[in-house]
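Colleague: Before I ask anything, let me first share the structure, which is written out below as structure tokens.
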Ligand SMILES: Cc1cc2nc3c(=O)[nH]c(=O)nc-3n(C[C@H](O)[C@H](O)[C@H](O)COP(=O)(O)OP(=O)(O)OC[C@H]3O[C@@H](n4cnc5c(N)ncnc54)[C@H](O)[C@@H]3O)c2cc1C
């Protein structure tokens, strides 16, 4: 209760204060900081997916700059030999201003990744974006079958039916590649499961569907119960190690992450960086108010 109150207040506080919390969950503001975080993860046998922070932009001028920043990032990361791919948020390219412009920008980014035989993940944003982001994915998947994937959110009631309707894009040679996560946005009960147990139940049902159909899942969770459930499903479907991966956010549950890596499963960490860390951080805080106690601890340690 107190944590939630503090979490709601924190966005109103000076950025310097929020940075105390953010610095554990963000690689830094610069591309160099992102490269160094990725190198360190790679040296521990962990793959990465790099995300430039920013979302829900207001002008198409910003969209073009964001596209250029991603194109430069891909050049830099490929040149540095980073073992990883890239994640994009469509609202950062103007999805809600002009979906066609957004498509053209993301197409440029996917084409650049395809030049390196690499891959772009389209993050899933709030429920107002889901149809648009599925459409975007469909168009890009048709042109770049191996180089693009999507995120699906287990808390949405529609997800199972989305999964089924996307099966027309699936072939055994070039399987669909979906990151499955719980979903981070506050959505109404009408469209989204609310209770932890029902979200977890649907997460595992969706994952079971993917493994059964040969879809490549990125199992994105820090919830030990889901990791254990996923491992059971992987065993019961006898999924080979190169047909799935686990994914976690930078700085979150490093011990659980290491235990998965040590057991020989592929792990990919989402590495966010950039100037727009404030919005990302306050969203994380609202999602997980328990983190507030660690901020208070870090404040005390920094005295
Ligand atoms: C790689 C990756 C990509 C994602 N992409 C998207 C996306 O495109 N769209 C979307 O809607 N959501 C995305 N998410 C967020 C996701 O939907 C969940 O909101 C988030 O992962 C928390 O759910 P959980 O499964 O970890 O379980 P929870 O039950 O929320 O967390 C389990 C435990 O993990 C720890 N933990 C979880 N989150 C945090 C945190 N932020 N900071 C510190 N500790 C934490 C806590 O100890 C918590 O008790 C992504 C998550 C990951 C891992």
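Placed from the backbone N, Cα and C atoms, the Cβ positions cover glycine too.
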Colleague: Among 153, 194, which residue does TrEMBL annotate as binding FAD together with 124, 221, 222?
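Modeller: Of the residues offered, the record points to 153.
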Colleague: Find the longest CA to CA distance in the recorded FAD-binding set 124, 153, 221, 222; express it in Å as a whole number.
Modeller: 18
Colleague: What are the sequence-distant neighbours of residue 89 (substrate binding site), meaning same chain, six or more residues apart, C-beta distance under 8 angstroms?
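Modeller: Non-local contacts for residue 89 (substrate binding site): 51, 54, 55, 123, 125.
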Colleague: So, in DSSP terms, is residue 153 (FAD binding site) helix, strand, or coil?
Modeller: strand
Colleague: Determine, from DSSP, whether residue 283 (substrate binding site) sits in helix, strand or coil.
Modeller: helix
Colleague: I'd like to know which of the binding-site residues 153, 222 has the most other Cβ atoms within 10 Å of its Cβ.
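Modeller: Result for the most crowded candidate: 153.
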